[in-house]
Amino acid sequence: MVNDNWLKLKDLEYRNQQLYCGDQSLTELAQTYGTPLYVVNEDLIRKRYRTIHNIFSNRYSKVRIHYAVKSNSNLSVLRILEEEGAYVDAVSSGEVFLTKKSGFTSDRIMQTGNNWTDEEMQYALDNNIMINLDAISHIHRLKKLCGNSNQQLPILSFRINPEFGDGHHDHCITAGKTIKFGIFEPQVIEAFKIAKECGFTQFGAHMHIGSGILNITSFKKALDKYFQIIRSVVEELDITFEFLDFGGGIGIPYRDSENPLSIEKYADLLISKLQYECETMNLGTPYLAIEPGRYISSEASILLSQVNTIKNNGFRHFIGIDAGFNTLIRPVLYGSYHEIVSLLKTESDESIIADVVGQLCESGDVLGKDRKFSHLEERDYLAILDAGAYGFSMSSTYNSRPRSAEVLISRGHANILIRERESFDDLLLHQIIPDRLKIAGGVENHD
Ligand code: LLP
């Protein structure tokens, strides 16, 4: 069964056989709010943010931690991080909208778009945020939009593709020759050259090599290439940088056999390289930016689900639960491992090995394969761990199953629902039935 110390790292522990998150009994939450339920641990979000912020700030004077909104864009999560003083990395106008609604001021928002539309550029300009472009063709379009509206030119950055990426799955490796993101060495110089000619004066440079990385040498390899490119830009164009951004990607231990990546070592690597390069290139002291998503949000949420069926088909055991890839898609999309534990710890000798499966009409709807449970009955509850990043934010209503509720817990505060469970009526939202297909009396009156 799962190692207690590893659970402790995630603020989870069994007390009197019951699983607690912080000081909160999870069974109580499941009974109060129903399942599936995302439980968001505010204390752990704050702790992760403070840990990474302090480690970097103790070593370098100008640090910006841009939280990657896409990992978990719940407004309360954003509010917590706004209070902590975080910056954000947004990847769409929708994320810019949410961060503005959460109180982030423009100077704390950067948009890293890819395949930008003019509308998205205009929205970023209107909101006066930092803009991180992804293609040479974007510069002229951006400049034109600035010209049209006499807009002040934004701080402009380019996403550099350092030709080497890493990640927990092919889909999550975001640098390399066959990857759609960013621009390569010769084009980077051209991009900054054009930007300078267009009148932009404040610059940043960015890379993001992938997601779910636990091996520090991957960052080192990309970093070397990134600075080689920055060096050519500086030598050719004589420009300085307001910030240098190294992206996100820090992995977390999803299995109890895995160790966390050492943030101290990661910080040492980035900062020693940054300081050396800035000194030799005479770049002064630019802001050091990183964009962790998973590191901050992942371990801070668990997904609670209820067992509704235990079935042995003669060949295999299945534990059927009320969450599926509509609720958490990572296991199916990437083959990702999420630890699944029972909320009740039983000391029974009997155990079963089973696949934990959802309710969707697809046989691929498996959240955990070959998992061992000591004793389980229908109506028991399970916790799927580390579900805070790319969990709710990638969930869907597939099979017309309304999306889950989310509840926020924090020591010293009452639990509070931060997202209502969607209802069947929500399934009707935004759908338009042509007059000729309308039911007399309207759908809403038709039971
Ligand atoms: N910055 C940029 C530009 C990104 O594209 C991403 C993630 C991040 C930062 C944050 O990366 P993180 O620190 O969270 O690894 N859905 C996948 C992950 C996709 C990540 C895409 N980009 C998953 O569930 O593993």
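Residue numbering: from 1, along the chain as shown.
Each residue, glycine too, has its Cβ placed from N, Cα and C.
Because TrEMBL annotations are produced automatically, they should be read as predictions rather than curated entries.
Marked as pyridoxal 5'-phosphate binding site by TrEMBL: Gly249, Glu291, Pro292, Gly293, Arg294, Tyr390. Listed in sequence order, Tyr67, Ala68, Val69, Lys70, Ser71, Asn72, Asp89, Ser211, Gly248, Ala389, Tyr390 are the same-chain residues at least 6 apart in sequence whose CB falls under 8 Å from the CB of Gly293 (pyridoxal 5'-phosphate binding site).
Within 10 Å of the C-beta of Tyr390 (pyridoxal 5'-phosphate binding site) we count 25 further C-beta atoms, all protein chains included. According to TrEMBL, the feature substrate binding site maps to Arg294, Arg330, Tyr334, Glu362, Tyr390.
Positions annotated as domain 'Orn/DAP/Arg decarboxylase 2 N-terminal' by TrEMBL: 45-297.
Here the Cβ of Lys70 (N6-(pyridoxal phosphate)lysine) has 21 other Cβ atoms within 10 Å, regardless of which shown protein chain they belong to. Taken from TrEMBL, the feature N6-(pyridoxal phosphate)lysine covers Lys70.
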Starting from the pyridoxal 5'-phosphate site formed by Gly249, Glu291, Pro292, Gly293, Arg294, Tyr390, give every other residue of that chain whose CB sits within 8 Å of the mean position of their CB atoms, in sequence order.
-> Ala68, Ser71, Ser211, Gly248, Ile250, Tyr295, Ile296, Ser297, Ala389
By Cα-Cα distance, the member of binding-site residues Gly249, Glu291, Pro292, Arg294 nearest Glu362 (substrate binding site) | Arg294
According to DSSP, which of helix, strand or coil covers Gly249 (pyridoxal 5'-phosphate binding site)?
-> coil
Please report the number of other Cβ atoms within 10 Å of the Cβ of Glu291 (pyridoxal 5'-phosphate binding site).
-> 27
